[in-house]
Each structure stands twice: as C-alpha cells, then as structure tokens.
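If you check Swiss-Prot, you get these features:
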BINDING   His97, His99, Glu103, His141  Ni(2+) binding site
BINDING   His97, His99, Glu103, His141  Fe(2+) binding site
SITE      Glu96  site 'May play a role in metal incorporation in vivo'
SITE      Asp102  site 'May play a role in transmitting local conformational changes'
SITE      Arg105  site 'Important to generate the dianion'
Amino acid sequence: MSGLTIFSDSDASQPIWQSQDADAIQKQLNDIGVRFERWEASQKLSDAPSSEEVLAVYQHEIDKLVAEKGYQSWDVISMRSDNPQCAELRTKFLSEHIHHEDEVRFFVEGAGLFCLHLNGKIYQILCEKNDLLSVPAGTAHWFDMGPEPHFTAIRLFDNPEGWIAHFTGDKIADVYPKLEC
C-alpha cells in the first residue's frame with residue numbers, strides 16, 4: 001500500500017505526519033507542488049518484462065502524459081535483486097540530487113521509496129504499483145529501491161537525453177529510514 005511519512009529535516013527520529021490514504025497523500029503532496037495520482041496499471045506483464053514490452057503495453061498512458069506535458073523521451077527502469085548492478089545503483093540513487101526537469105514515474109509493478117527534501121521537511125513517499133509521481137524540477141531528493149528491489153516504472157523526461165542527476169553532496173539521506181523489504 002502506498003504511504004507518505006513526513007519528517008522535519010532536522011529530526012529523523014520522529015515522523016510528524018503519516019498516512020496510507022491515497023487522498024490524504026495526494027493533498028499533502030499537491031500542497032507542495034508534487035503530483036501524486038493513483039492510476040490503473042492493470043496490464044499483465046511477463047515475469048521479467050523487457051522495456052519494449054512495458055512501453056507497448058502502457059503506450060496509452062505514456063501518450064496521455066506526453067500530450068499533457070510535452071515530454072520528449074521516456075524509458076523503463078526495472079530492477080530485480082538478481083541484477084549484478086543492484087547494490088551500485090542503490091548507492092547511486094540514495095545520494096541526494098536534483099534534476100533540471102520534472103522527475104516523472106509511473107510504477108507498473110513493485111515498489112520504491114522516493115524521499116523529497118523540501119521546505120525544511122523530508123517527505124518519504126512509498127510508491128507502489130498504480131502510483132504516478134511527478135517531482136518538480138530542482139527538488140532535492142533521493143530514491144531507495146531497497147536491499148532486495150523488485151519494481152518496474154516508466155520514466156518520462158523533458159530532456160531527450162533522459163535521466164541526468166546533479167548531486168548535492170548532502171549526506172542527509174544517510175540518517176533517514178531506508179526501505180527494508
């Protein structure tokens with residue numbers, strides 16, 4: 001189940017707000033300019049879907065977002081625990097960074113934890129299948145796929161070059177709860 005936990009960015013020990021209610025999550029995130037919606041990822045995928053399979057099955061959803069926001073490129077990120085780059089990628093994504101464009105993800109299977117550092121708070125968003133998340137350009141954040149990742153998400157970009165991170169060097173991600181599933 002999707003969830004949102006909010007912390008002060010100066011106290012990782014005590015959440016100041018938590019919910020698993022999609023409407024409450026959407027309101028909290030919309031209030032800070034973050035788009036969160038529950039979509040329907042109902043298409044059946046194979047056990048280890050290729051990028052081509054995922055893109056073909058969800059072309060309608062991609063087309064909707066492209067028409068709405070003018071995205072120039074999209075791809076699929078799919079991670080399983082047997083991926084030889086799993087630990088390396090987890091470490092990379094756990095480093096706080098920003099993008100000069102919105103970061104848009106539609107989760108079609110599995111889960112991951114997006115952590116936003118915004119307005120003196122940390123917003124930890126557990127995204128699962130059916131979740132659409134759009135993080136505004138310039139928002140400091142990190143992503144935790146967990147020690148045993150299992151997720152597939154469609155990523156959409158304003159930039160035809162795709163995912164380009166600008167790391168902040170802040171070690172704040174080291175002190176907040178991680179995804180342990």
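The backbone N, Cα and C atoms fix where each Cβ goes, glycine too.
Positions of the features from Swiss-Prot, shown on the structure.
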residue : record                                                              : contacts (Cβ under 8 Å, 6+ apart)
Glu96   : site 'May play a role in metal incorporation in vivo'               : His117, Ala140, His141, Trp142, Phe167, Thr168, Gly169, Asp170, Lys171, Ile172, Ala173
His97   : Ni(2+) binding site                                                 : Ala140, His141, Trp142, Ala165, His166, Phe167, Thr168
His99   : Ni(2+) binding site                                                 : Val135, Ala137, Gly138, Trp163, Ile164, Ala165, His166
Asp102  : site 'May play a role in transmitting local conformational changes' : Lys69, Ser134, Val135, Pro136, Ala137, Asp158
Glu103  : Ni(2+) binding site                                                 : Leu133, Ser134, Val135, Thr139, His141, Arg155
Arg105  : site 'Important to generate the dianion'                            : Phe114, Cys127, Asp131, Leu132, Leu133, Ser134, Ala153, Ile154, Arg155
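Other Cβ atoms within 10 Å of the Cβ of His141 (Ni(2+) binding site) number 24 in total over all chains. In the three-state DSSP assignment, the secondary structure recorded for Asp102 (site 'May play a role in transmitting local conformational changes') is coil.
Other residues of the chain with a Cβ within 8 Å of the Cβ centroid of His97, His99, Glu103, His141, the Fe(2+) site, are Ile98, Val135, Thr139, Ala140, Ala165.
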